[in-house]
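> My questions will all concern the structure given below.
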Amino acid sequence: MKAYWFDNREIDHPTHFSAQGDQRLTHDSGREVDASYLAKLGVLYHHCPELSAVDAIAKDRHYKNRDEITVSPQAMGNVYEDKVKMFFHEHLHEDEEIRYIRDGAGYFDVRSEGDDWVRIRLEKDDLIILPAGIYHRFTTDENNYIKAMRLFQDEPKWTPLNRGSETDTNQHRKSYLQSRTVTPVA
C-alpha cells in the first residue's frame, strides 16, 4: 500500500497527468500520507499475505459473505470502460466497504477532512476497509487489471450513492462526519 495526496496539477511530464487525463495513472504528488492519517479518516489498512488473516478480520467484523470480482477488459469485455468510469464517479456507501486484493493493482481515492483527494494504491495481499459515509472512488491502474475479494456482512450488495445534495445530508454521511476528529496535515 502506498498513500499520498492526489496531484491535480497539469504537468508536462510522462509520470504526471492533468485531472482531465487518464485516471489510471499514478497522479502522485510526492507528498505521502501515512496509515495513521488514513485511520483518522476511518480508513483501515492490513497487509494479509495469508487468507487466514482475511478470515480473522471478517470474523471479527461479522462479515459472513464474500465474492470475487475481476476488473479487466478480458473479464468484462465491452462494458469494461463504462464500469471503470462508473467506479471512478465519486460516491459513498451506507455500509463499510472491505476489499482484499488477490491480484493486480488499483487505486482507492478517499476525501480528506479538507475535501482533497488522498490516493491509496493497493496491490496483491492488501486489504482496505472504508467506513460507511466516506466519499471515495476506485480505478484500476494503467495495467487495467485487478482481482479483488469483496466482503459483506449480509447478502452481497454494492449500492453506490453518487455525491450530491442528497448524499451530503444522508444519515450515514452525517454519522461519518460526526465520528471523525481529524487534524489537518500540511
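Glycine is treated like the rest: Cβ placed from N, Cα and C.
In case it's useful when we look at the structure, here is the feature table from TrEMBL:
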| type | residues | note |
| --- | --- | --- |
| BINDING | H91, H93, E97, H136 | Fe(2+) binding site |
| BINDING | H91, H93, E97, H136 | Ni(2+) binding site |
| REGION | 160-186 | region 'Disordered' |
| COMPBIAS | 176-186 | compositional bias 'Polar residues' |
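Walk me through where these features lie, including what they touch and how far apart they are.
DSSP gives H91 (Fe(2+) binding site) a strand state.
Here H136 (Fe(2+) binding site) comes close to E90, H91, L92, E97, F108, D109, V110, R111, L130: these same-chain residues lie at least six apart in sequence, with C-beta atoms under 8 angstroms from its C-beta.
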> Under a criterion of Cβ-Cβ distance under 8 Å and sequence separation of at least 6, what residues of the same chain contact H93 (Fe(2+) binding site)?
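Spatial neighbours, sequence-distant, of H93 (Fe(2+) binding site): L130, A132, G133, W158, T159, P160, L161, H172.
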> Around the C-beta of H91 (Fe(2+) binding site), how many further C-beta atoms are within 10 angstroms, looking at every protein chain?
19
